[in-house]
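Asker: The structure under discussion is supplied below as structure tokens; questions concerning it will follow.
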Amino acid sequence: MATLLRSLALFKRNKDKPPITSGSGGAIRGIKHIIIVPIPGDSSITTRSRLLDRLVRLIGNPDVSGPKLTGALIGILSLFVESPGQLIQRITDDPDVSIRLLEVVQSDQSQSGLTFASRGTNMEDEADQYFSHDDPISSDQSRFGWFENKEISDIEVQDPEGFNMILGTILAQIWVLLAKAVTAPDTAADSELRRWIKYTQQRRVVGEFRLERKWLDVVRNRIAEDLSLRRFMVALILDIKRTPGNKPRIAEMICDIDTYIVEAGLASFILTIKFGIETMYPALGLHEFAGELSTLESLMNLYQQMGETAPYMVILENSIQNKFSAGSYPLLWSYAMGVGVELENSMGGLNFGRSYFDPAYFRLGQEMVRRSAGKVSSTLASELGITAEDARLVSEIAMHTTEDKISRAVGPRQAQVSFLHGDQSENELPRLGGKEDRRVKQSRGEARESYRETGPSRASDARAAHLPTGTPPDTDTAPESSQDPQDSRRSADALLRLQAMAGISEEQGSDTDTPTVHNDRNLLD
């Protein structure tokens, strides 16, 4: 049996191991297409700001082709470094594209104010054609859908600090798009707006340079459909992380945005580890979880073997991402989601509409959290040096805290209450029919007389005698009644008092034509 278990563990490890690269065959290269990336040909701030202005206009032009749009975005993304050309050549290793760099310098003879650097060749016409300044109609289209503030005509500046603020504002809006461009583009607008508000409050961006929605939609769609652009952005993030010492302010902002980008599309895997394993509830000892726990262990080892690109496997369209989907461990994932819903309020908005979702194990996770509330782990307590007295104190405090949390989040348990609408009277309500209606009225009258003559204790017995013998007990209240008869008697007495009071109010109001009606809308207001 021990040999079988060792073979099983070895089989699981080899099954999820990535293929080993061998030197027998050459690298597979695809059919490449050329991407032209304009970069500044000098260190002048005027050149960079003018190039940034032209590229933003170019991206806003709806007639721009896909490769040209990718080249413009790569040019903007690399503008914050001192040598954009060296950066692009160092980090670019894409089998699908061939990047050609074009140095751009200032020119007074071109309509765009820029020209391509060349040795004795006039390139103003080519520069105007690239930046779409050869046609006035195209120029007007490029201006449409630019910044939300229509008073901004251009973003050409000569101050390095001002240029960095404008460039950082534009780059922040582009980088935020990468977080959900692949995984959830339909719901990305809300999260992108929250990031924008955050960086505006931190004074990292300038609110006046908020780009228009359709400009951002164009960039988001291009990021979603172009793998080469995403490869460049991920390579740039990793290159910034490897940089030692202090980084430029824009680079630090990119690293901050990376916290929203990293592990995109891996929520099922990460949350299963967080809520299913790290919580260490005893439910992990179930036999049903044994195989899936072994699968998760193999996936965690595989994640580490992939190295620094593992958190970006979904963004990079790595085929190995399918192994990390929740379909590989459905029971443990369903259990972890139940734990997460009880522990964190933010988990309540997750979509569990999967074909492999198991409601039974989801409820198991919820019950484990509810019944384990206030309990202290003996293993962790011994490691931290927590005494038994301290553990009891912590359990007592945690129980009260959990009760307060439940009361605030869910509210008190209430019976179902029906209200009358303002346009209805008692006569207009649906009746039970002849015999049933008379039986109910007779029961109410006898209950009122019994309450007046014998008091609450005998009235409850009288009401019990009038109950139908074939009525099944309420599943929610039957266990409580069997456990505590005194509480059941008090509840019955309270119900009889309410019915008696209702009967008295009916007799007092019989002389009036219009009965008092309670409207649920008025109560809610």
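Glycine is treated like the rest: Cβ placed from N, Cα and C.
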Asker: Among Y130, Y260, which residue does Swiss-Prot annotate as binding RNA together with K180, R195, Q202, N351?
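Answerer: Record check against Swiss-Prot: RNA site with K180, R195, Q202, N351, extra candidate from Y130, Y260 is Y260.
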Asker: When you get a sec, could you say which of 425-440, 505-520 is annotated motif 'Nuclear export signal' by Swiss-Prot?
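Answerer: It is 425-440 that Swiss-Prot annotates as motif 'Nuclear export signal'.
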Asker: May I ask you to indicate which of 70-77, 166-173, 262-269, 334-341 is given in Swiss-Prot as motif 'Nuclear localization signal'?
Answerer: 70-77
Asker: Around the C-beta of T279 (phosphothreonine), how many further C-beta atoms are within 10 angstroms, looking at every protein chain?
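Answerer: I get 18 for this one.
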